[in-house]
Number of protein chains: 4
Amino acid sequence: MAIKVGVLGAKGRVGSAVCDGVNAADDLELVAQVDQDDDLQMLIDAGAEVVVDFTTPGSVMGNLEFCVANGINAVVGTTGFDEERLNQVREWCAADGAGNVLIAPNFAVSAVLAMAFAKQAARFFDSAEVVEYHHPHKLDAPSGTAIHTAQGIAQARREAGLGPIPDATEQTLEGARGADVDGVRVHGIRMTGMVAHEDIIFGSQGQTLTIRQDSYDRTSFVPGVLLGVREVAGHDGLTVGLDGYLGV
Amino acid sequence: MAIKVGVLGAKGRVGSAVCDGVNAADDLELVAQVDQDDDLQMLIDAGAEVVVDFTTPGSVMGNLEFCVANGINAVVGTTGFDEERLNQVREWCAADGAGNVLIAPNFAVSAVLAMAFAKQAARFFDSAEVVEYHHPHKLDAPSGTAIHTAQGIAQARREAGLGPIPDATEQTLEGARGADVDGVRVHGIRMTGMVAHEDIIFGSQGQTLTIRQDSYDRTSFVPGVLLGVREVAGHDGLTVGLDGYLGV
Amino acid sequence: MAIKVGVLGAKGRVGSAVCDGVNAADDLELVAQVDQDDDLQMLIDAGAEVVVDFTTPGSVMGNLEFCVANGINAVVGTTGFDEERLNQVREWCAADGAGNVLIAPNFAVSAVLAMAFAKQAARFFDSAEVVEYHHPHKLDAPSGTAIHTAQGIAQARREAGLGPIPDATEQTLEGARGADVDGVRVHGIRMTGMVAHEDIIFGSQGQTLTIRQDSYDRTSFVPGVLLGVREVAGHDGLTVGLDGYLGV
Amino acid sequence: MAIKVGVLGAKGRVGSAVCDGVNAADDLELVAQVDQDDDLQMLIDAGAEVVVDFTTPGSVMGNLEFCVANGINAVVGTTGFDEERLNQVREWCAADGAGNVLIAPNFAVSAVLAMAFAKQAARFFDSAEVVEYHHPHKLDAPSGTAIHTAQGIAQARREAGLGPIPDATEQTLEGARGADVDGVRVHGIRMTGMVAHEDIIFGSQGQTLTIRQDSYDRTSFVPGVLLGVREVAGHDGLTVGLDGYLGV
């Protein structure tokens, strides 16, 4: 029996890619495509067991209140969740017969795994650096993901009692050694033709380990969303972050 | 207080690299270098708390019997352990006041982590392939490590219920798609100048994750051995494989 | 003064990407978009100085006869040119006031450069292998580009008097060492998420040189076409292959 | 008939690796190993046709004067040549029956080719960046090679009339975008375990070209020196830089 899926924000760029993904999966059935002026009741009428919400901070809380109260599980990529909002969702989820909720800032499975592996590996190496590669239209450098990765590495090193990363540099051109994020060097490359890529490099005596993540197009979040749809029924209450579903 | 370390096989190529590593570490003290005609009693006289054994299948069991019985922990890279030998070591370790033992076929931390991450990642991707790169003097292709990696991926895919890896190839030159190891394609490159390197590549919609391991010289096992020396006191009995110490 | 450009096959997938490229370039002006039922006379009426032809083997010769006779230069990506056709085009180009023609099987500048550099480098290295990576829907393995690259390397090695590439492999799983193309090993990886990528690896004592080409989407031919449009006026007669314009 | 080779500075680290390389080559014969207190006359007595000089700025000019005057060709990796010294060598080489001389700052063939290819490729791409990777004991960042590579790219772009490399970065952490070398961004990674590696990356619409150079150990200069030894007889007078021998 296929899982019955409703998509909120179905006409958006992201929502429509989710609809395509659901339609292409044998074990999922797209039963409702809801957009901004539609009545949420159509989810219940269609028998939706899971909804996917890529809408707006302004509408997502109303959507979740309705779904959770009606026992519909939700997979949410909409942004704007602070601790207050998360606590509200937790409260809704605690009611009898409530739906489960997964809220994740990043559904690219490869990126989430890369960061998780980086945290696991960090304490075993003398050196660690992060290099991210993006198209030249990107406004920030380094990327948020690269900063977050470096922070995760730095924290794992601190917890393991490691000292500073070795670096004998005496003569340098300004910027050559990258940005310093909690003691971990981060480099941003801007390159026409590229999409979004990251190298996380670890080194110790005679060896390196490199975790490379490549995003080739803007639909790379789809497999992570479908994973969430398939597994949300088995994760009670609210889960924040896809890593909780990946076992890493 | 530094941990007191004895090295068995101290004059061998591997053993002498271990001695160098111990000498370079502030928290370790090299108290005994034992070679084939030396009396093991010198380990006790020197107060060794941990021994490292890179000797031969012919001498390792005698070494372990002596060390474990005398409460000395052992970190072992010597080959030739079958189930019978492992059971014998387990029995010795079960005695009151016995030493602990770590036996590992591979002490290159980066390689052990790469394989562990590959197993964790495998079930989340449609595609997986392994490419290994070695110097052209290597006699076997693909490498044992690459075969082992592919088997681990194949097992993780089976356990997750994944089907065959997609591949529409109809026209092919013999060998172009690599060797088939339990359904995972493995490619061996032989290249003057290279040492030992491995790419483990996973792909799903719009993204790939690549775990790259590079060994640049023959001392890449040293950090893993020192990790074993530092942590063997905290792992009761016999542990097989360095991954048990890496928490992966 | 912008160069006036007409596009034949303007409504096709490739032709429309060319139109977008011309429109985005300050130094080019799109003056005519011709499709299959349109009269070629509109090229003259619009004052086209250069045409781009991505049409069909059935229509390209008629298009070229018309353009060359009317002094319009042509940049051609249409397939199906054998020696007989090329000779016919050369004859047309030899007339007084005739247009120039560039016919190229591959307009991806990075791929053409990669192959040219591979030929230049080949004679200086002991080892050479080619690894290509494509999406899993590809029907042939290895790719035509990879075979062509390996053939170019093999020829350069022969001309330099180099012997066989060193390879001590004795034990092997079938296919592990890839396909043998004139003595150069070629490996094809098929990976969901990837588009089209190639590593050309050369090795000698203590060093390797890797030429990596990545195509991230299907418009990677556009810069090469625009280069052809800008430079065709300076290359008299017929040129076959973009490398003639790249000076490599 | 093997070429008869003398090595000056034969007991130094570099010189002894050259001796090993000459001994391993079927077409070369090591006839003289000269060190600092030896008489240069032994080169003539041994019938040396080519000498290799990895000595010191203090002795190299005397060595060259002797060799060139006696019709012995020289391959020189010793540093410290300014324009005055080069002119002096040119003058010596102009005499009747004089030997030829190759003076090169870098004999790693892969590195010399990488830089030459970068210069050839630069004018065809919107974007270019350089990333170098070295062990953490290196005192300067970026490496001299990386700076030199970036300068070569910048010059090729200027000569082709290209404008600035596109980069929309507005928000940045200091250093994230690397060092600015004539408008080309250069990043230096310092990583335990690595030796010396460089990525030169070029990008245009939908594609990138990456030229990667890896040095795995300190003998990577040997093949370039032997190439010089084999070909110096065919290059009259003084040649500066190995690229002149590589045809790039």
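Cβ atoms here come from the backbone N, Cα and C positions, even for glycine.
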TrEMBL NAD(+) site partner of C:Gly9, C:Ala10, C:Lys11, C:Gly12, C:Arg13, C:Val14, C:Gly77, C:Thr78, C:Thr79, C:Ala104, C:Pro105, C:Asn106, C:Phe107, selected from C:Asp35, C:Asp37, C:Asp38: C:Asp35
Structural state census, the domain 'Dihydrodipicolinate reductase N-terminal' (C:3-107) (DSSP three-state): 41 helix, 24 strand, 40 coil
Most distant Cα pair in Å, residues C:Gly9, C:Ala10, C:Lys11, C:Gly12, C:Arg13, C:Val14, C:Asp35, C:Gly77, C:Thr78, C:Thr79, C:Ala104, C:Pro105, C:Asn106, C:Phe107 binding NAD(+): 22
Recorded positions (C:Lys11, C:His134, C:His135), the one with most neighbouring Cβ atoms at 10 Å: C:His134
Count of other CB atoms lying within 10 Å of the CB belonging to C:Arg13 (NAD(+) binding site): 10
C-beta crowding around C:Gly9 (NAD(+) binding site), within 10 angstroms: 24
Separation of alpha carbons, C:Thr145 ((S)-2,3,4,5-tetrahydrodipicolinate binding site) and C:Lys11 (NAD(+) binding site) (Å): 27
Candidate with sparsest Cβ neighbourhood (10 Å radius) among C:Thr78, C:Asn106, C:Thr145, the listed binding-site residues: C:Asn106
Output field, (S)-2,3,4,5-tetrahydrodipicolinate shell: CB within 8 Å of site CB centroid, site C:His135, C:Gly144, C:Thr145 dropped: C:Glu132, C:His134, C:Lys138, C:Asp140, C:Pro142, C:Ser143, C:Ala146, C:Ala196
C:Gly9, C:Arg13, C:Ala104, C:Lys138: the recorded positions whose Cβ falls under 8 Å from a chain B Cβ: C:Lys138
Number of other Cβ atoms within 10 Å of the Cβ of C:Lys138 (active site, proton donor) across all protein chains: 19
